Structures are given as structure tokens and as C-alpha cells.
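TrEMBL has this to say about the protein:
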- 1-15: signal peptide (SIGNAL)
- E53, I116, N167, D168, N223: Ca(2+) 1 binding site (BINDING)
- D54: Ca(2+) 2 binding site (BINDING)
- H114: active site, proton acceptor (ACT_SITE)
Amino acid sequence: MGKLVVLTLLGAVLALIGERLVAFRQRTNASRAVEPVDLPNCHLIEGLENGSEDIDILPNGLAFISSGLKYPGMPNFAPDEPGQIFLMDLNEQNPRVQALNISDGFDKASFNPHGISTFIDKDHTVYLYVVNHPHMKSTVEKFKFEEQQRSLVHLKTIKHELLTSVNDIVVLGPEQFYATRDHYFTNFFLVLLEMIMDLRWTDVLFYSPREVKVVAKGFSSANGITVSLDKKCFASRMFCLRSPK
Ligand SMILES: [Ca+2]
Ligand SMILES: [Ca+2]
């Protein structure tokens, strides 16, 4: 009788895992055939061979691009090279990318940039905030953009116990931003379980030096995030939520 119960439970668990795996493949379109599409206005931008995770475009047409992300479970084209931030001028006829120099004093060897967001202060200074994963941790780096020198001056590393598995940020004001977390767990195997079981335990945080709090939850791997021009509404993965401010 005892063996029968064990076998029944084992069968039920295996059936659940199988059903979850099939649902996961459907959710991620893993079995969908990719149809060739003719895109006459697209052309290859050379220099981004290590991939590009995020782009943020200033009103003057200068675009920042993060490249070289290393993330568990994701393919990586240059595991021994640090990530970089590239600049592209969209006003040019044939835009090219240029790697931005980063000021001394910042650990460039472990730079692992993910989501990015720009903020223009009242005095027109441009700041670039970068989600960084040095040694697979999560930090947010604050840089000042020097347009003439085509460089980034590192100003500050922001850390907080709630800022784990950060994917993207959108900056609202000086050191104020929303951040998405793409996983609840940080352990690789628990992350796999979280994805396969579609637990929807990830959330969106509001960060400021005085207050850090969860403002939206119930997402399945919250990813890219942006904000409306009046900053009253932010959106992540097709969800639009009212700003808490
Ligand atoms: Ca972004
Ligand atoms: Ca992302």
C-alpha cells in the first residue's frame, strides 16, 4: 500500500513537471518557426557583436547602448571580456557605435551592464544609470556623461537589500527610479523552478535615498520598464500602472 502511494505521488509530480515544461515552451514560443522578413531599412551596426540588452535615446538623438551582458542561463559571446556602453548618433546618415571611456576608479573588469536609463538635470547635465551585475550581484551605477570627451564619469554605486535580480530601471529624478526584478530567487536552480512553475513572484520597486518599496507585484519575470512623459504612469511588460507619487 505504501509503495502504491509513493508511486502515485511520483507520477503526479512528474505529470505536473511535464505539463509545466510544455506550458513554458508555449509561453516562450520555443517551438515557433521563424519566418524570414525583408527589412530594407535595417542595416547591421558593427561593433555590437557581444549583444545589446538595452538602449536609451536622448532628445538630441544620441543613443546609449548596453552591451556584453553575462547572465546565468543566457548565451554569452565573450565570457572573458567586460561589458561596455556604446554611443550612437542617430542624426548621422549611417550611424556607427563608439565605446564610451569610463573614468578611473571604477572596476571596469567586472562591468556587466544590463538595463539603462538616462536623466537630464535642470542644469542640462546628462546622467546615465546602469544596472550592473559585478560577480552576478545587482547594483545600480550612476555616471555623468561627458559629451565632448565621449566618456562616462562614475559617481556612485547604489546597493540595497531589495535590489536583487534587477533587470531594468527608469529614472524619475536625481537618484530616484523604478526597478524591475526578473526573478524572485537568486539561486540558479530555484530560478529555473520559478520560471518553469510560472510562479509570478517578481515585482517593481521604487528607489529613492530615503525610501525603497515594492510598488507592483505578481509579474512573471518583470523585464523592461519605461515611464510616460508626464511621469504619472509606468509600464513593464505590457502592464500600465499608476505612479505611486
Ligand atoms: Ca531601460
Ligand atoms: Ca531587459
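Just so you know, glycine gets a Cβ as well, placed from its N, Cα and C.
Spacing of N167 (Ca(2+) 1 binding site) relative to the residue listed as 'active site, proton acceptor' is 6 Å (Cα to Cα, whole number).
The residues near the Ca(2+) 1 site, meaning same-chain residues not in E53, I116, N167, D168, N223 whose C-beta sits within 8 angstroms of the mean position of the site's C-beta atoms, are D54, S66, H114, G115, V131, I169, T180, G224, I225, in sequence order. When the neighbouring Cβ atoms lying within 10 Å are counted for each of the binding-site residues (N167, N223), the highest count belongs to N167.
Each of the binding-site residues E53, D54, D168 was ranked by the number of other C-beta atoms within 10 Å, and first place falls to D168.
Candidate recorded positions: E53, H114, N167, N223. Not one of them has a Cβ under 6 Å from ligand 1. Mapped onto three states, the DSSP output places D168 (Ca(2+) 1 binding site) in strand. If you take the C-beta of the residue listed as 'active site, proton acceptor' and look for same-chain residues 6 or more apart in sequence within under 8 angstroms, you find E53, D54, S66, L69, Y71, V130, V131, N132, H133, V166, N167, D168. DSSP assigns N223 (Ca(2+) 1 binding site) to coil in the three-state reduction, placing it in neither a helix nor a strand. With a cut-off of 6 Å between Cβ and the nearest atom of ligand 2, the binding-site residues I116, N167, D168, N223 reduce to N167, D168, N223. Of all Cβ atoms in the protein chains displayed, 24 besides its own lie within 10 Å of the Cβ of I116 (Ca(2+) 1 binding site).
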